[in-house]
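Below: one structure in structure tokens.
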């Protein structure tokens, strides 16, 4: 203003106007720049939100493939159990569900459903269902169940965005959201119809981690509380919560060691651990494991360590003298370590703290399961991961992952340390077990997103500086480069379609017809529906355990064993029955009160993973279960039940043009024995493509006679009642693993089962309602292995008992050739 | 005036008295005699159709206005339908007039005989004759014997009836013909003269039989036709004024023939279809209205992939295959659903009411429905529903909550037992509806907050059935309620 006033004095009239004009234009330009800046911010927000929305939709629709291609139905095995329980929950309500004793599975034992499952998934679906019904959307619970996994996958992308934003920046968050939406490793477990715990668990896992990192970054109690709630949800949903409760303490420990201890960390960890632990105890299946099981001890140890650290800091502050403090420190540390060790030792010795479970061991030592827990090793998704499946599941992320790690190390912070630890540990576990690739996927996506985001940022800054220097239109190049690098993650999309969607549509097998039309082999459902409609309501069906869940859910009939590998004895008995001579098998079946036997046979359709493979080839893992099988004389195989039931009257059928009748297309051989006679079993139903064959057991089933506690008189009581009594009693009166060994010993009076040797089981029901089998007397059966597939796999103390029998039988895969030609 | 009225009243009373007298006279059975009766019983499927041609004569002086049919109690229980018509005119210009048939009671009914009376168009005066044609249909009247057969056997059934027509009248001459599905007849009761030739078994002619003559006969014959019985059928017809009628049909199908015994061998069933499982069936044909769309066929555990739809402008045929072939005693439950254009079925009556014109009965060919329930779900806000059905049915009202409903939809429930394909006739459901209610659903959708408030008081029991398609995706272009 002063200048403008003085200038007219100088006499020039033009200058001031021009300068004022220039001033004005400057002002204008700054104003317009400001408004432009505001605009870019708004634009940025707009773009970000719209990208997130698109990613949200993308994550949902990429998972709808099976619904669009086939129909809205539940796929695979475990989802059928989840669906059945959800149906029960919505029909009968929560309390009935919580107290549900399911007598339709594990006949004659039954299963306490409420106490042996993670209810998170079912409750989530039921709440969504009730919510929709309340809003007057007349949906069926099946539709809700089918779409639960894609819905939660969409939610996971949002969490991934915020997580990425928290550990790196918004760009990384966006890329992480995109990556997690289309990452095959995650898609394969969250397609529509795959209604499994993992579907919601990955969301809960990532949410817990995000909230915890947020809590560590801010030191806010609210975020800590949020992460405890997230942890609670995770615990309610999936047994994989053990990963969280071990990773977080590990992370805290690393921060302590690297000298990054802070009040924020103290608040975050303590609030999360204490609240999370208390909340997790509300889940019946988990119960007091947080204070009793060895797997959870690390978290508790770190909790005490944190208190010690804090206490020491306080003492140090009070003392002020370094030497005194060091002396004190030494005393305290030795004392603490001593007391801790003694407590742990006493706890373990007294059985209060249970040792690590077999499953935990198998995670640390990949070869453990193979030697000690054959049933776990026999499940294909528990196999060590092959290199190719890493490629299929991560695709380009596999290469971006190390680059992301590099960037994380370059910019170390509390948050990046966390993601690095998460990435490295989960990658290790993914290498141990195929199914754990799922846990590693979010970490891999996040770290790769950091790599992508950081690279692009570097690139653009580089190009920008270059363009500023040269002042030429290299911006085009920059935008081109940006475009191409942005395109990178997108390119992975078309490739992944091969591997991921097709995780076993085991309910029906689509195939190509002779005229190129699509033929669906719907034999499974044909058989299940036949069972449902045309057998007595209380019929018991024996089958290989894979089909247990589907038979109970779709066939609505009682099964002997199912996919919850809860009791190996039982599974082994069935396996033995299947691989015995018919007479012996008949006795076993009668003793189990079986009415129907269901076998899956792929000889007509060329479906190779049928029961013959399961029982005889995979059964090799189970050789302890069929110890009497003298396989060296492969001729015997012809007389085994599984073989007979699969090939009964198959010799009359011409399966392929130009081949002799009885040509097995799955194995590519003509069967050796075409004249199979059945003595005790009769064909009840065979599906149109022969995939499922059902046989009826002739004769009347005998009543089992049980004894409660050895030595007491025989009473003709129902198993279920016995179990009911035992379980309710123990559950209420002994919260600790009780010493109440109820010898539920059943004896067959009419038949002498030499090879079963009176399968006595010394069963113990723990507080969680899990049933564990202890030792049997004498030289009896080997298969004392209990287990709960989902969580604690028996708390065996003596690994000797798990060992396979000394007399190993060579049950080689080459027996096929022998069957064919002998 | 008053006098004339009383005169008229007196006249009416007189006429009424005369009418009563006539009826009582008619029921006295010796007024009518049957000159000639011919009965043709069709046993070729599991639904027994009986065609009865009666030539009646009034032998008394008083005019007779109704003819009574008699049925033994066992038959009456399985009687699905009785229809009668009178032939009018001479041979060339013969035409048939439908007559009313109603169940009735007679005072001296022997052994619990059940009666149906046919009301004649014109009372039969003395000495006059008339020809009546009666059709009645019996279900569950072929008893499989042996009751259980194996896969390779064919199905044999008993049919029991009387060689003489049960009648309250004197029958001068009568003949009965039984049409069998094949030439294979194991045995039959002889009541001379009896003749069996080809696929026809002839009883009679018998002359001059007094009232209530009875001569039980049993025919043991082969019948491999599909004994498809729908134990329960629930048809839900949901009307949306946005242009669509959604039909959902829940079937509980059973093979009601001889029970399957022992083994089911797939290899025999596949390789020797003509000898193995001849009494079983695996296809069913459902005839649906033309212009049907979004047809689905599923059951509790998912879609059933074996069905074919053929449709042209006159009709649509849906060929369905249950998941497995049905042998005797085997069951299958499934759901068929489809959508229909509204303008084909919903009309406006002259008095401003709307009415649905839809067909009663079961769309599956050659099936008996033991219990049929039709639920007509009217749009939300409909009032005063009433049904016009050509035969007696049980009716009541329900409320159903579907998509975006607040007060619930009025459901008119019609129930009938023992339904045969002959029951497929149109019926009407009349109701009043204010067009403003059509906006209810879009408004519901738009104002969710409001909806939540409103629905909180209406969240009672609501149980729509599975597999129900969304009402939101309907075609709104079609004009509702336009008579076609």
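Note: Cβ is positioned from N, Cα and C throughout, glycine not excepted.
TrEMBL annotations: computationally assigned, not manually curated.
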Need the matching range: TrEMBL marks transmembrane segment on one of A:92-108, A:364-380, A:415-431, and I'd like to know which.
A:415-431
Which residue range, A:10-28, A:67-85, A:390-408, is the one TrEMBL calls transmembrane segment?
A:390-408
Write down the single range among A:231-254, A:447-470 that appears in TrEMBL as transmembrane segment.
A:231-254
When you check the transmembrane segment (A:231-254) against the transmembrane segment (A:415-431), do you get at least 3 Cβ pairs under 8 Å, counting only pairs 6 or more apart in sequence?
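Yes, since the transmembrane segment (A:231-254) and the transmembrane segment (A:415-431) share at least 3 Cβ pairs closer than 8 Å, they count as touching.
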Which range wins on Cβ pairs under 8 Å with the transmembrane segment (A:112-132): A:45-65, A:170-188, A:200-225, A:297-315?
A:200-225
Go through the chain and flag residues at least 6 beyond the ends of the transmembrane segment (A:144-164) whose CB is under 8 A from any CB in it; none is fine as an answer.
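Counting only partners 6 or more residues beyond its ends, the transmembrane segment (A:144-164) has Cβ contacts under 8 Å with 52, 55-57, 59-60, 63-64, 67, 72-74, 79, 82-83, 86, 121, 124-125, 128-129, 132, 170, 172-181, 186-187, 189-196, 199-200, 202-203, 206-207, 209-210, 213, 442, 445-446, 449-450, 453.
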Tally the residues of the domain 'STT3/PglB/AglB core' (A:540-598) by DSSP class, grouping H, G and I as helix, E and B as strand, and everything else as coil.
32 helix, 11 strand, 16 coil
Residues sitting near the transmembrane segment (A:45-65): Cβ under 8 Å, six or more positions beyond its termini, same chain?
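Cβ under 8 Å, 6 or more out: 149-151, 153-154, 156-158, 161, 170, 174, 177-178, 180-182, 187, 190-192, 501.
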Near the transmembrane segment (A:170-188), which same-chain residues lie under 8 Å Cβ to Cβ, leaving out any that are not at least 6 residues past its ends?
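Residues 48, 51-52, 55-56, 58-59, 62-63, 153-154, 156-158, 160-164, 202, 392-395, 397, 437-438, 440-442, 444-446, 448-450, 452-454, 456-457, 489-490, 492-493, 496, 499-501, 503 contact the transmembrane segment (A:170-188) from elsewhere in the chain.
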Apart from its near flanks, which chain residues at least 6 from the ends of the transmembrane segment (A:415-431) lie with a Cβ under 8 angstroms of it?
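For the transmembrane segment (A:415-431), the nonlocal Cβ contacts are 166-168, 209, 212-213, 216-217, 243, 247, 250-251, 254-255, 258, 260, 363, 366, 384-385, 390, 401, 404-405, 408-409, 437, 439-440, 443-444, 446-447, 450.
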For the transmembrane segment (A:266-285), what are the same-chain contacts with Cβ under 8 Å, counting residues 6+ beyond its ends?
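Those are 98, 114-119, 212, 215-216, 219-221, 223-225, 227-229, 231-232, 235-236, 241, 245, 248-249, 252, 291, 299, 302-303, 306, 309-310, 768-769, 790-791, in sequence order.
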